[in-house]
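Some features that TrEMBL has for this protein:
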| type | residues | note |
| --- | --- | --- |
| DOMAIN | 2-133 | domain 'Anoctamin alpha-beta plait' |
| DOMAIN | 165-683 | domain 'Anoctamin transmembrane' |
| TRANSMEM | 206-223 | transmembrane segment |
| TRANSMEM | 262-286 | transmembrane segment |
| TRANSMEM | 306-328 | transmembrane segment |
| TRANSMEM | 349-370 | transmembrane segment |
| TRANSMEM | 431-453 | transmembrane segment |
| TRANSMEM | 574-593 | transmembrane segment |
| TRANSMEM | 646-664 | transmembrane segment |
């Protein structure tokens, strides 16, 4: 049908309850629908409406004539040339220009949605002017999808190159799959190291931690250069300079007001972060200590309550924060989508990282080293300061409080049993859950859950059939579909069924895929010293991740709208931050938990004597949180003092590692720049090609291309009325939009 884009137009809202509201909405929809067709026609596009999947839902099919596409190509290449971007030579005469499908879709989409001052038509979904336009999406290329699926089943997914993905879905999606492939290949090294240390090394090995931190720094700096090379191959380096402005952007808004609004959102973000921290800490204390002390009725089932609390409370808080983050990011009045997405990504990543890593941090730096002392604090809180030293003293102490005997029936009050109740393998259990169980659940959510949800939706739709006594309006719509034959015959009917099915799919957002991989990178870099098999699990997951992500794009979600970009954006800075944080956490974990009697952790095994630092550490570990129960912590505060000293020492070690990270990162960045960028023959060759292309481009401008382009955003002067209409009769001659809108009033 030669369709470039489909506009989802919702003429009737489900919130309408009265006949008057329904008729008012129908009149509003008629006006806005007519204006939509006039705007598209004025811009030289072909547009026709068809019924959607429900009453009042319209699908407006849009096609861009080849002559208009050539105008868009020339306009973009002129803009690229003036902005210093790489350009491709244009052909003279009437020869067609080679153009990838993603480039065509990107140009047409930008033309439809860009503001008039940027040369677009200004049809932006969700804007006040087009509030009935739900979305604008492109249809899947079934032949390419089948080839891609065949590549998965024959284990040759690598045969689908980044170039083909870029030609189909644009640079943004291609860059993600290139990152995923590069990251998966990079995981081979830590996976091999992890297997070696798991079977032949020791727990919390300083050598393994150092190698992991070096790997994380090296990968981030290597990818920093590699994405530049990829942008050179795609011809998108510097594309941010020609990015179209957002329709919601107010150019009259002062820059300093925008900066103040960005600062105003910081206290709100910190407040939500503090609330999330308090909530997760409370759940952690409840799960780690209270459930171990409770011995009353249902104590076997009480252990599941922390999980229930987490599932109920944390996602809701995160959802509220995301709504606030979107509001504040919109309020900041960003000029371009890239800066808007970067700001929103930064806000959201803070919460995602807290949810992902806070449980491990509390276990590693609170529960494992100081669990006994904290459990006794919980006992003091439960029994109003009366906690017995031993089982023999319990009866004497309990008589001092009238509430203690009643509480003793449901709580373990013997402080001497605190050590036996602690789970020494808690950290490894958590790492297994995060790196294995969570990844299996995420795969099911991406691949299996959409099938289940569609089955449920189909069952509900079938149940709402009028033969069962419900859903009369839906039943009437169904009868219309069955009685009415499409004007174009069976081929048109199949095409419309495909379009309606894809309109019901959710939009693809690369944010979720990047977030999953970056969080996984954090597990490997920050916490794999706890369980060295974590990189192995990440590698096995990522071998399937490329297939599951591709399957999700082609089957469960709409075709991504192509976006031109030259970087993974704020995710690169998130990776750099995690590699810095890895230096801190690994050094602290090794200092706290590395067995001092082992040769890797003490000089005595190499013929030397134990150093003063090692003796201090041994004393602090043996004292912190373990001696006595008098006072706040320990006998005469001895345990509390040792705990503070141990934490201070761990903090100093982490700060020293942080300075070491800065030095190592500078060295690696310099080496990567020299080897992969400044000394690269590919870069030099691309620069020579770019100079040659610019010379050819200038000659093409001088020779004339027979196309007049209006750069002021007033449409294209050379597109005649005849070019805007379809030759002959067929799919583009029969519009069902007004008939469907009129049916809304009749149904009312």
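From the backbone N, Cα and C atoms, a Cβ is placed for every residue, glycine too.
If you look at the transmembrane segment (574-593), the same-chain residues 6 or more away from its ends with a CB under 8 A from one of its CBs are 203-206, 209-210, 212-213, 216-217, 219-220, 223, 345, 349, 361, 364-365, 368-369, 518, 521-522, 525-527, 529-530, 601, 617, 621, 646, 649-651, 653-658, 660-661, 665. Each of 206-223, 306-328, 646-664 was scored by its Cβ pairs under 8 Å to the transmembrane segment (262-286), and the highest score goes to 306-328. Counted as Cβ pairs under 8 Å, contacts with the transmembrane segment (206-223) are highest for 646-664 among 306-328, 349-370, 646-664.
If you take every residue in the domain 'Anoctamin alpha-beta plait' (2-133) and average the pLDDT, you get 84.
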